[in-house]
Structures are given as structure tokens and as C-alpha cells.
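Asks: So TrEMBL lists the following for this protein:
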DOMAIN    120-556  domain 'TRAP C4-dicarboxylate transport system permease DctM subunit'
TRANSMEM  12-33  transmembrane segment
TRANSMEM  40-57  transmembrane segment
TRANSMEM  73-92  transmembrane segment
TRANSMEM  130-151  transmembrane segment
TRANSMEM  346-364  transmembrane segment
TRANSMEM  370-387  transmembrane segment
TRANSMEM  408-432  transmembrane segment
TRANSMEM  444-477  transmembrane segment
TRANSMEM  489-518  transmembrane segment
TRANSMEM  524-546  transmembrane segment
TRANSMEM  558-582  transmembrane segment
TRANSMEM  602-626  transmembrane segment
Amino acid sequence: MDINFKSLVTWAVSLIGVALALQAIYVAIVGGWDITYGRSWILCGAVIIALLGNSLADRATGSRHPVLSKAPLWLLWTIDLILIAIFVYGTLKFIEIQILIEETIFEYDPKDIAIAFAAVIVLLEATRRLFGLPIVIIAALGILYCLYGQYLPGFLHHSGFTLNRSMQTIWYSFQGVFGLPMGVVLQVVLIFVVFGVILESTGASDALIRASVALTGKTRGGPAHSAVVASAVFGSMSGSVTANVVGTGSFTIPMIKRRGFSPAMAGGVEAAASTGGQIVPPVMGAAAFLMADLTGEAYTTICIAALIPALFYYGSLFASISIQAGADGIEPVPESERPPLNRKDLIACLMFIIPIATIVFVLVMGRSPALAGFWAIVAAVILGAFNKRNRENPAVIWETLKKAGRSCAWIIVAVGCIGVILGVLNLTGLGISFASVVAEFSEFSLLAALMTTALAALVLGMGMPTLPAYLIIILVLGPVMQRLGAELLATHMFVFYFGVLSAITPPVAIGAFAAAPIANAHPFTTAAIAVRLALVGFIIPFIFVYEPSLLLVGTFDPVSFLRVTICLSLAIWLINTALIGYERQLLGKPERLLRGLAGAGLLIQIPTLQIAFLVIGLSLITFGTIRSRRKLPG
């Protein structure tokens, strides 16, 4: 009986997942659903997947929880089904009331408010099962703040709102759960989530890894460099750090270890490379389209702005890996051991090149991002049909759509929970109050505001998908940065970068925790190495806020761009050699300290200081080169 019911639940979850994936494709083709029906039903489907796919009964199996472990399975299933029934009823009530509001003057009764409150509680429970407590606690505190904020001092004080008024905004309006973020996800983001999963299923990731290994075989870093290339490309399309780490890392991490790198280094390389995939244009894990929508900038402008910072991020990764390989005495892979890039591999590379080119082409032609995602899926499916394994196993279509639907559900539930927070901000004006306090606390110092924003993005992004974390921070702190002089696009890029980097930042570091088991390394050691490798990613956002020329759009000064590029390139090399303690030979502590100080000095955006540190840095590198050639002691 239990087995049959479990099978029924599995089928239900699969069916809803496939429906979510197919509706993403449908929306991309026809342009969207009715705002009321579309946003409500996709959230309803996602919540059902979250509750049944992570059911209490499944969690009770092998659990040491004093209640779950002893509760009968039928009771646990009943609780989940009751939660689903509440949410479905709440969704129907939302639709009913929206129709009535359009037709007549509507007054809410206590039953409507109770249903809305219960539905919000179920949404928070679904979020907890997928992402844990942090974001749920923030949302719950937000609701309590609506109800009791009149008793709080200072900027937190407001006039007070009843549960009736709170639920009207959070649940029954388009300023809360069903607000703009949910609309953007439905219209733009989901199609690229589906695209990333389909591309992985066609075998494109395997072709990408083979090509990366062949192209980077001559470098000292070898397989570590191939992981960087593969993860950059695949991560841009998948939008999921965990999926990227597991998808490419299961192949690249063992290769990196075999070349002589430590397990923690192997995991750190993969985590840092996979995390950075989301800052790589043209897809950027679908963030480019969301950012274009929020800023009002053209998609091509977002891609151009993201290009140079992404090149610096991965250039720094390459440099750091090469320096570490030298310190560990690792030599390039012998030519006899390098897999040749044959004609078959070159053809296989088209499986990811053509879909990406399709996205760019459709967007350049002036069509919508969603339609570009659809045609990229068409291209990926056609190319995937040439894969014999796919032709012999038609069930891969169903499995791919299931996986895509589940990935969509994670994003939708997270954005729904953020909608609760958004409703609180809209109702209470907390965002404006908080922005004013941050500006006052920073004493009109842009640097202080940037550091506050970076910390908030890192904390809120821990364990969450990047897009929801980006949305929360940009809505609350974005206006502060702009008021203090940061340009609009630089502000959005700054917040997005730190939302991305939260995936490797302890204590959560979801990217490092995904890589560590594959590498058989300690998660925190892996995270520490990933942060060191990705250090430039934490620095670049500050630079392009102060020097927007680095983004190549808006206020562009060729002289400033050249100065920043030269100084940043040299700083990356000096800081990496200082941290690792190697450049052609081991470096002594005094020289490492000097290199670190010179590298840090080059990051200060004061031209006269940069010239001085440029001379010091070049002198240190020249001295090191001469010393290594003469084999003088370090």
C-alpha cells in the first residue's frame, strides 16, 4: 500500500515537473499567460513539487528526529496533503478575488484573510524544505514586523498594520508573492533553466569537457585549467552552481587530483570555476535577462558590461592555478598523454556552440530573450538527436523535462518567498527607511555603503539561488548606492557579483560543499581555497563601481580603462604570487609581504598612488625574474 502510494506521488511530482517545463516553453513561444492565472498556478505547481518531492515521510526514513522517526507514515502523508490542499485553495481564492476586484468593489472578510495567511505559511514551509531556515526566518520576521512594528523604536517604527491589511498586500495583490519578480521569472528566467538542463542531457557537457582538456593540455595547470574552461561555459548556461559542480566536477576533479594537486585544491578549483560561470555572458545563468528587465538596459548592454570583469575573474583563476602548479612542482601533461581533439570532438563541440550562437543571433535580431531561449532549445534538441545514446533511449526526453521542472520549481518557490519580503517592504516602507539609515551610517561614504551591501549579499545569498538573493539586495540597498553616486548598471552588477560569490563563502559555501565529497576533501578547507582562487571576484565589483569604464558602457573613458586594466592585471599577479609564495621559485616572507602590499596599492583608484605601486610591483617582478635566471637564493 505504502509502495503503491509512493509510486503515485512520484508520478504526480514528475507530471507536474514536466508541466512546469512545458509551460516555460509555451510562454516563450506565445508571450505569456494572463497575469493572474500564470503567476498563481506556476507557484502552486512548484509548491506541490517542493512538498511531495521533499515529503515528511521521506525525511522520516532514517531520521533521528524524536517526532518524525516515531510518527506513522500515513499521518506524515496526510499532513503533506493537507498543506497542499490549503495552498491550492489559497491559490483559487487569490484568482477568485482578483476577478471580483476587476468587476466590482470588494471587501475582504476574515475567512479570506485566514486562507491567505495559511497559504503563506505553507509557502514558507515549502521554502524551508528546499533551502533551510535562513530565508524563511527573514520572511517570518517580516510578517511579524508588519503586525508589531509600531512597538519598535527608530527607523523600524511604523504606524502598524493589521493581519487583514498585511495579507491584502502580501497575498492578494501584485506587490507581494505574485509581484514583479514572479512575473520576470515566468516570462524570462524559466526558459533558460529548461535550456540548461536540456543542454546537459544532450551530451553537450561531455563534449565541452573533452574539448577543454585538449585545448589546455599544454598548460602547467592542465586538467585544472580545463575545469575552468568547461565550468565557465557550462555554468553560464545552467545557472546552478551545484549542478555545474556535480556535472563537470565528477569528471574534472579526479583528473586534477591525478596531476598532483591536493584534494582540497581540486575541489576549490571546481567550486570557484563553477561559481563564476554565472557572471559569464551571454546567458549568465539567466541573470542577464533579469538585469536588463530591472535596469531598462538592452540585453546586449548587459553582456558587454559583464565581459571584461568576467575575463579578469577567469584570468585570475588561470594565473593562480599556474602559480600553484609551479609551487607544487607539477609539469605540463606530456604530449603523448594528451587526448587529441579529433574531428568527432570538433563536431561534438557544436552541441554547445550552436545553441549559444542561436541565443545571441535571435537577440541581435531584436526578438525577446524568452524566444531566444526557445530557439536555443530547438537547436540543442536537434543536435542532441545526432547523439546515438539519445536516439536509442527516447525516455531521456521525459527524464530531462522532469529534471527541468524540478529546477524550475526551486527557483519559483524561492522567488515566491521573496515576494513575502517584497510585500513587507512595499507595505511598511522599510526598504526606504533602511536605505536612509545605511546612507546615514555610511556618513555619505560610498565605500561604507558598498561594504554593507557586499556583506548583506553574501549573507542572504548563502544556500539560495543567486537570482533571488540578487533581487532582495537590489530592492533594499540598490537605491542607497545610487544615491551615493554609483551608476545604475554598476550597482546591479555589484550586487549580483556578491550574490554569486556567496556560493563559495563560508560557512554555507554550497558550491564548495558540493565539490568536497567528490574530491574527498574537507568542505571548509575546500571553501577557503575556492575563496582564495576567486579573490579577484570580491575585488572587481568595488573597482567597476569607482571606475565604470571597466564595464565598457555608460561613462567610458579610454585612458581610465587602460589605467585600470594595467593596474588590475599586475595586482592580480602580485597578490596571487604573494598568497601562494611562488614565482619561478619559492618566495621569502618579506618579499611576499611587499608583493601583497604592492598589489593592494594598485587597487586604490588614485592615479598618483597607482603609478608609485606600479613601479614597485614591476621592480619586484623584474628582480624575481633576474634572480631565478641567476639562481640566487630567495
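Just so it is clear, glycine is given a Cβ too, placed from its N, Cα and C backbone atoms.
Remember, TrEMBL labels are computer predictions, not curated facts.
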Asks: Given pairs 6 or more apart, does the transmembrane segment (40-57) have at least three Cβ pairs under 8 Å with the transmembrane segment (408-432)?
Replies: yes
Asks: When you scan the chain for residues with a C-beta under 8 Å from the transmembrane segment (558-582), skipping those not six or more beyond its ends, what do you find?
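Replies: Those are 308, 312, 315-316, 319-320, 323-324, 326-327, 532, 535-536, 540, 543, 547, 549-550, 552, 592-593, 595-596, 598-600, 602-603, 605, 607, 610, 613-614, 617-618, 620-621, in sequence order.
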Asks: At a C-beta cut-off of under 8 Å, are there same-chain residues at least 6 beyond the transmembrane segment (12-33) that contact it? List them, or none.
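Replies: Apart from its flanks, the transmembrane segment (12-33) reaches 39, 41-42, 45-46, 48-49, 52-53, 186-187, 190-191, 193-194, 197, 368, 370-371, 373-374, 377, 398, 401-406, 408-409, 412.
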Asks: Which residues of the chain, 6 or more past the ends of the transmembrane segment (602-626), have a CB below 8 A from one of its CBs?
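Replies: Apart from its flanks, the transmembrane segment (602-626) reaches 539, 542-543, 546-547, 563-564, 566-568, 570-571, 573-574, 583-584, 587, 591, 594-595, 632.
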Asks: Looking only at the domain 'TRAP C4-dicarboxylate transport system permease DctM subunit' (120-556), what is the model's average confidence as pLDDT?
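Replies: So the average pLDDT across the domain 'TRAP C4-dicarboxylate transport system permease DctM subunit' (120-556) works out to 83.
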